Amino acid sequence: MLLSADDKKHIKAIMPAIAAHGDKFGGEALYRMFIVNPKTKTYFPSFDFHHNSKQISAHGKKVVDALNEASNHLDNIAGSMSKLSDLHAYDLRVDPGNFPLLAHNILVVVAMNFPKQFDPATHKALDKFLATVSTVLTSKYR
């Protein structure tokens, strides 16, 4: 999915605020995904799935850090996430259907925490960005 110049502007504007609290926002998105879609817990057999779990927060930070890194390479998201794509496809073998589920929950968390900044243009841009990241992360499955 091609990101327009306007999309890139909105992504660049909101990602630093998200990244500043990656453990909180990423953890909340993962927690929501685990509650709403329990089958996604399969890949985390040793996790404590309670709200504000340190394990979920730590993994949430990894997710947000990866998204922040991708946001610094909006013209080459595939290149910047190639190693992560390999990891998820070949080593972890994560169900590719989980990425859109997490993307949806990230949008929910961002909307809740940044209601003024999460206008329709930012919503569209972040949705396109997360869809692109999901596509990149599943590209090695084929």
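Glycine is treated like the rest: Cβ placed from N, Cα and C.
In the three-state DSSP assignment, the secondary structure recorded for His59 (O2 binding site) is helix. Long-range Cβ contacts of His59 (O2 binding site) within its own chain (separation 6+, distance under 8 Å): Gly26, Gly27, Leu30, Phe44, Phe47. What Swiss-Prot records for His59 is O2 binding site.
Residues near His88 (heme b binding site) in space but far in sequence (CB under 8 A, at least 6 apart, same chain), listed by position: Val94, Leu137, Thr138, Lys140. According to its DSSP assignment, His88 (heme b binding site) is helical. Residues or ranges marked as heme b binding site in Swiss-Prot (evidence: sequence analysis): His88.
Across the domain 'Globin' (2-142), DSSP classifies residues as 106 helix, 0 strand, 35 coil. Sequence annotations record features per position, and here Swiss-Prot assigns domain 'Globin' to 2-142.
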